[in-house]
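Accompanying notes for the structure given below.
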Amino acid sequence: MHVVLAGGGTAGHIEPALTLAEALRRRDVGVGITLLGSPRGLETRLVPARGFDLALIPAVPLPRRLTPDLLAVPSRLRAAVGEVERILAETGADVLVGFGGYVALPGYLAARRTGLPYVVHEANARPGLANRWGARFTRYVAVADAAIRLPHAVPLGIPLRREIATLDRAARRAEARAYFGLDAEAPTLAVAGGSQGARSINRAVVAALPMLAAAGVQVLHIAGPQQIAEVESAQPKRAPDAPAYVLLPYADRMDLVYAAADLMLCRAGALTCAELAAVGLPAVYVPLPHGNGEQRLNAKPIVEAGGGVLLRDAELRGDAIRRIVLPLVTDRARLAEMAGRAAALGRRDADERLADLVEQAAAARRVVT
């Protein structure tokens, strides 16, 4: 069996695709796997590092508004679909799996044109255009949650890396804090703005560092590769005996980040929400203020269950860290209660369930052919 995965662009698309690839390979070491991506996406680094083949196609951004860029979409899409068709033929693909994003729509179109079965996986509470279109023409549609409305949808969750899906935070806490050079006992706030970073979150945290230090809170700050220089230059002077402040551009070991943290301050991407629920880590979610509002909807079930707090991006310009984050990160009893409520919503086996669906789709093709 050969599987082609279309999930490039951001970590929220790439990581579930890679996790599915690993689940398929655990079942059959001989399975062929090719990931589709674009030359400018994170996949150019992440996919080879995990040992899988990467095939690059032209990205086809779909403007949300009427702009001159819309005029270029048809020609770009034709070129990308043609390239995917070539890859499907060269690999002898049995099934394609799309995760939304810039490379998914060309993948779905190429699969449909060539009669190849394909699987759609939608992680976001509000599906994007590629998956809304793709779900109309296949029986194999998986969604993160039953509330996500797509044709033929089966709620399976979001595939999570094994080290996260199997994480015992309490058992790994000492190891994780030592790994990052953090104190073993101090209240610990982890900050992450997604794979590209978040300027508003970064600026608010840097401004609040003296206050957090005065309260004995140590900070593990993943600023994003595009934001790291700005954060480094804006840091205030710190006393030699101040609680630890660890600044990173990117974290490849998010399992250890989650094990080290008492509380996350983060965006509300679908993958982030799924991971935090699965490991039972309370969070203050700051959804992206633009887009189609899917990040707020991603966090909504966790917040309503009491496993997280929702904070508007605009509130970061005020004293939200003093009012909301600081009292929470130092309240162990409340954090423990929130952890349990978040964990009750977590799903840890979505990789295996999605692998079942992929094998079902591939088997249907073999029966037909």
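A Cβ is built for glycine as well, from the same backbone N, Cα and C atoms used for every other residue.
Swiss-Prot has this to say about the protein:
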BINDING   T10, A11, G12, N124, R161, S195, Q295  UDP-N-acetyl-alpha-D-glucosamine binding site
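The Cβ neighbour count for A11 (UDP-N-acetyl-alpha-D-glucosamine binding site), using a 10 Å radius and every protein chain shown, is 20. According to DSSP, G12 (UDP-N-acetyl-alpha-D-glucosamine binding site) sits within a helical segment. DSSP gives R161 (UDP-N-acetyl-alpha-D-glucosamine binding site) a coil state; it is part of no helix or strand. Within 10 Å of the C-beta of G12 (UDP-N-acetyl-alpha-D-glucosamine binding site) we count 24 further C-beta atoms, all protein chains included. Least packed by the Cβ count within 10 Å, out of the binding-site residues T10, Q295, is T10. The binding-site residues examined here are N124, R161; by Cβ neighbour count within 10 Å, the least packed of them is R161.
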